[in-house]
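Before any comments, here is the structure.
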Amino acid sequence: MNAASPPNRPLFEAIPTAARPRLIGVSIGWVLVAALEACAYTILALAIVHQQQPVWVLTSALITILITVLVTRNGFLTGVRLAGDLFAALGRSLSSAKLSWFNDQRRAIISKTAGQEIPNFMSIPAHQLQTFLHAPCLPLFICIGLAFVADTSMMLVAITLILLSLIMQLWAQYALNKTDAQRHQAELDSTTATIELVEHLSLLRTAAGPIRALNSIQQNWTQQESLLNKINRSAAWATLIATLANILPMAGIAIYSILSGQNNNRLILAALLLMGRAGAPLSALATAGLNINDLISSLRHFQQLTHPPVLPQAGRTRIPQQPHLSLHNLVYIPDSTAVTLDIPIGARVHVAGESGCGKSTLLQLCMRFDDPVQGAIQLDGIALPQLSPQTLTANMAYVAQNPIIFTGTLADNIRIGRFDASDAEIEAIARQCALGQVIDRADEGIHQSVGQQGSALSGGEQQRVAIARALIKHAPILILDEATSALDESTEQQLIQTILAQSQTLIFVSHRSAAPWQPTHTLDLSR
């Protein structure tokens, strides 16, 4: 089966192409703000040394403030558009990813990326770029300005002090990086465990009791707490180093002025003013260490999600004339026996076998959730990779082992099968699928809410909604994976008669007696 992994690409390529010019523009803007602010401080220092009038000081300050406001505003607007571009790129990638790629861990990553990380990306233009461009550029530009205020030797001393501060900053970042990767993985494990707990809480509480039900997730929470404590200790050291780095430029210039015999008090004051401003952003760089690590991890997650494995598609697709399905020397799981079966139009195929033998996998291959290890599945003699996704979807309807119900109304859930279905058609198919009692128990009828992910429906009612959704599609091939397992015998018999009346090609899995389904073929995978 196709198991392609996301390519190892530079993180910058994770950002959508349309957003890159805007981010580059904001980046240039923050560098310009740093240069203008350094000029304003240099003009202020010269005014102090030479006792000049404040007109140029005020003018440069006003220009700097104006440009800063414009760049900040543009940063916020760019952040909103960036989030929109990221959501669009994520949607396009997930819509083309092969369905077998979506496991519980990747669902947790998708949930975290869409719910937390992409909204956090909105802060990149207005805040992150300001911290990581404006903060390091400002000290450099101020050091250049110091050469005009004092002399080249003091500028070289200032640059040396700034470099020492940056080395201390890099050391702090190294301490944070060592533990931050583990923290990100612990958060992901905790999210996965939390989703599993919430989805299966009723089972865990009835099987293991209220206390033991929390044991597995408690281990994840304890591990995350331990790692966070470790990171907090590293962050405390990083904060201390950042404070020393902030003080170092002013203290160093003061010591240099004393040792060099400088007796111009106004010059010393101006130099201290400049170095105080030059050292101030370094503390912001230190405290932003965790944020940049989170940003890198989030970008890696986004890059993985936007480069999922996809199923190969023929350059030129074909259109089948008849819904005639056939399996040719098909190996559906490694080391399984090859399967060959011709399924005539209107046939009813019972896929039998013990649990774990690959029945659900075989049905999913017929829907092309993945490609087989060996062999081919053909529709009217055309291999599935030569069919467009739209053609394949139009020819097949599928009901999974666990019915999927969306938050909304009963009609909304059934209409997913055919979006142009009228209310009358929806109610008719719903009543045929034994949903009449559900419709009649509320004044809203088919427009009644089914609760959060179908919580207002019983398990059997959820299965009936899923079957109604598949039947209203009128697809020529219907695939059912234990679609009636939660129904009582009489309701199941009613549904079977409704399904058989459709005269569709039927491929089904059922652990109950297959006799009511009147199968024309039986495919036993346990042999």
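Placement of Cβ uses the backbone N, Cα and C atoms for every residue, glycine included.
Where the annotation comes from TrEMBL, it is an automatic prediction and has not been curated.
Residues annotated as domain 'ABC transmembrane type-1' in TrEMBL: 11-294. According to TrEMBL, the feature transmembrane segment maps to 28-49, 55-72, 132-150, 156-176, 235-256. Under the heading domain 'ABC transporter', TrEMBL lists 320-522.
Remote same-chain residues near the transmembrane segment (132-150) are listed as 27, 30-31, 33-35, 37-39, 41-42, 45-46, 49, 158-159, 162, 166, 249, 267, 270-271, 274-275, 277-279, 281-282, 284-285, 288, 292 (criterion: CB distance under 8 Å, separation of at least six residues from the stretch ends). Within its own chain, the transmembrane segment (28-49) is flanked in space by residues 56-57, 60-61, 63-64, 67-68, 70-71, 74-75, 129-130, 133-134, 137-138, 141-142, 144-146, 148-149, 264, 266-267, 269-271, 273-274, 277, which lie at least six positions past its ends and keep a Cβ under 8 Å from the stretch. In this model, the domain 'ABC transporter' (320-522) carries an average pLDDT of 92.
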